[in-house]
Amino acid sequence: MARKKIALVGAGMIGGTLAHLAAKKEMGDIVLFDIAEGIPQGKALDLSQCGPIEGFDARIMGTNSYTDIAGADVVIVTAGVPRKPGMSRDDLLGINLKVMKAVGEGIRDNCPDAFVICITNPLDAMVWALREFSGLPHNKVVGMAGVLDSARFATFLAWEFGVSVKDVNAFVLGGHGDTMVPVTSYTTISGIPVDDLVAMGKSSKANLDEIVKRTRGGGGEIVALLKTGSAYYAPATSAIAMAEAYLGDQKRILPCAAYVKGQYGLDGLYVGVPAVIGKDGIEEVIEIKLSDEEKANLKVSTDAVEELLEVCKGLDGDLA
Ligand code: A3D
């Protein structure tokens, strides 16, 4: 059987970490693409030299040419620029929208059968734009955010309750940003809802509220500490879990930015929802029951996503 091919578009902090994880897990051969000359080639060479020590045979190549991603089974996109001081959100949108155009066309022309995972921010708008520019089916293009946001939520909950992270099943819905909706009613520790654990006196409502707030600002907390960039270890680990679910037809239910067609009263946008990932990509969006408060919070979050999409459509005539 042919080895799988994993294309990583963007060879920055997340791209390099993705390559290392994919190689260690022998997920397939890896192509690191970037417009910066030398960076993908240098990282590929450095990572290849981990092989004899770690014992992996994955071939890792760096390139500046889209033709090298031909036939990729999975593409993970981190290409783009982060927001710099003095730059508005619209400025960033405009720049990364152009990047999504180049990347989407590169995927369309070279690996139209791939499963594509977008990580570039602003996530919910960029995954939508990437799908538009690539022309791939909606079920084959997805955004990574919910796995990371849920992992952050789960980490803080494990610390709060003094339990293993393995027993925490945390649930986050909505757009990736300050308006995301950590849903405590679906968040459990070994099947026990955290709200029940609070009622048992294992924590307090105030502490839980603080954890929800910290989860929403989880990315910003790391940016403030690093000062020169954003999180990359956990974002890369999250996208790898999604890629493995696709390659292994695992039918995992993972929170992802998936395309909604009527679910949650939403239509025609990408937003964080629980979805089944298997060999057909996003095989199903799961619609859960929400309380009135959770519905209202989700609306605030999806309104923010829709607002960004309108800006995207205004910035690029092709998308209007
Ligand atoms: P960084 O280390 O800057 O890497 C980005 C790479 O993209 C750089 O190597 C650039 O050279 C490259 N690049 C720029 N334009 C292009 C292009 N047109 N084609 C190909 N490559 C290009 O960033 P990073 O790896 O830390 O983060 C990547 C993205 O992920 C950013 O947009 C972050 O905001 C985003 N991010 C998202 C999450 C989510 O949870 C959604 C978390 C963390 C970071």
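Heads up, the Cβ atoms here are built off N, Cα and C, so glycines get one too.
Automatic, uncurated: that is what TrEMBL annotation is.
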Considering the NAD(+) binding residues G10, A11, G12, M13, I14, G15, N96, I119, T120, N121 given in TrEMBL, which of D34, D68, D73, D149 is annotated for that site as well?
D34
If you count CB neighbours within 10 Å, which one among the recorded positions R83, R152, H176 has the smallest count?
R83
Residues of the domain 'Lactate/malate dehydrogenase N-terminal' (5-143) by DSSP state, where helix covers H, G and I:
67 helix, 25 strand, 47 coil
Cβ-Cβ distance under 8 Å to I14 (NAD(+) binding site), same chain, at least six residues away:
T78, I119, Y232, P235, A236, A239
Cβ neighbours within 10 Å, counted over all protein chains: which one of the binding-site residues G10, G12 has the most?
G10
Just to be sure I understand the contacts, which recorded positions have a Cβ under 6 angstroms from any atom of ligand 1? Candidates are G10, G12, R83, H176.
G10, G12, H176
In the three-state scheme derived from DSSP, which category covers R152 (substrate binding site)?
helix
Between D34, I119, which of the binding-site residues has the fewest other CB atoms within 10 angstroms in the structure shown?
D34
